Amino acid sequence: MFNNSSKILFITIMIIGTLITVTSNSWLGAWMGLEINLLSFIPLLSDNNNLMSTEASLKYFLTQVLASTVLLFSSILLMLKNNMNNEINESFTSMIIMSALLLKSGAAPFHFWFPNMMEGLTWMNALMLMTWQKIAPLMLISYLNIKYLLLISVILSVIIGAIGGLNQTSLRKLMAFSSINHLGWMLSSLMISESIWLIYFFFYSFLSFVLTFMFNIFKLFHLNQLFSWFVNSKILKFTLFMNFLSLGGLPPFLGFLPKWLVIQQLTLCNQYFMLTLMMMSTLITLFFYLRICYSAFMMNYFENNWIMKMNMNSINYNMYMIMTFFSIFGLFLISLFYFMF
């Protein structure tokens, strides 16, 4: 639909919108940044040649407009309380703001729109939705001190993210439920420290990029494609599933490091109940990742072998292998660097 210059323009405006939200010192300014971000992201989603992407952009627009309306209304209520001394329950208003931000980020119990919308996106748009579009809402959530609502959202997110991915055959929905599960971990890290949240978000974004980069190159959208592709390239198949396990947080891969930090801090804060549920949910996600890996290595389907004529160029291959190296051995390298310096 757009040429590259248009995409660059919309991506730049989207980044500016997020920066306005993060640097704003008022809720009204934060709302304005979120709206700029929304209006620049929707043109990136829509595609005249793909009806599913157009439907996904409409779903995203309606959901985000609902959240933005609630956020604006709540911000006005807070301004009335602060400036006109009206008797407005501030904790109730903050709870409404928190709910609107959880809806914007796609956290449970406001996750209903997220997996269905992911199904209609290209991999690059899906990556932006799973990573960049979560920065502004999560930063605003960190300003609110409503622990009980955040605790409920964390528990529901990790459980729904784990159970929802069990019977999925679509890779995009699988990544969506994985994102909801990781969002629960990120929200729990927000309860402890903003720096731990930033570390977790960075590693999650990197691991998601490695997987979506591979899916985008080979146009992989369903599990049966994983079984039938890479029949002649065991190395690519092996590295792909190692990245899956790293994203799931299996030690000793890189994805275990942010979970390790969160587990350590939650233990120090005596949050044992929440931590137990989070770790159990992670075991469920690792179960379906391992099940996919086992099936893909044990079973080969040869119907679609003609599709393997599409070759991966050397630049993409080298880039993917470098990122995979850090994904698999990153924890060892960071530990070595820590002990040396």
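Note: Cβ is positioned from N, Cα and C throughout, glycine not excepted.
Listed in Swiss-Prot:
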TRANSMEM  8-28  transmembrane segment
TRANSMEM  60-80  transmembrane segment
TRANSMEM  95-115  transmembrane segment
TRANSMEM  121-141  transmembrane segment
TRANSMEM  146-166  transmembrane segment
TRANSMEM  195-215  transmembrane segment
TRANSMEM  238-258  transmembrane segment
TRANSMEM  273-293  transmembrane segment
TRANSMEM  321-341  transmembrane segment
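Contact between the transmembrane segment (238-258) and the transmembrane segment (321-341) is supported by 3 or more Cβ pairs under 8 Å, counting only residues 6 or more apart in sequence. Below 8 A, the CB atoms of the transmembrane segment (195-215) and the transmembrane segment (95-115) form no more than two pairs separated by six or more positions in the chain, fewer than 3 in all. Long-range neighbours of the transmembrane segment (8-28) within the same chain, counting only residues 6 or more positions beyond its ends whose Cβ lies under 8 Å from a Cβ of the stretch, are 2, 34-41, 43-44, 71-72, 74-75, 78-79, 97, 128, 132, 135-136, 139-140. Below 8 angstroms of C-beta separation, residues 14-15, 17-18, 21-22, 30, 33-34, 37, 41, 44-45, 47, 53, 56, 60, 97-98, 101-102, 104-106, 150, 172, 175-176, 179, 183, 186-187, 190, 197, 201, 204-205, 208-209, 212, 215-216 of the same chain, each at least six residues beyond the ends of the transmembrane segment (121-141), sit close to that stretch.
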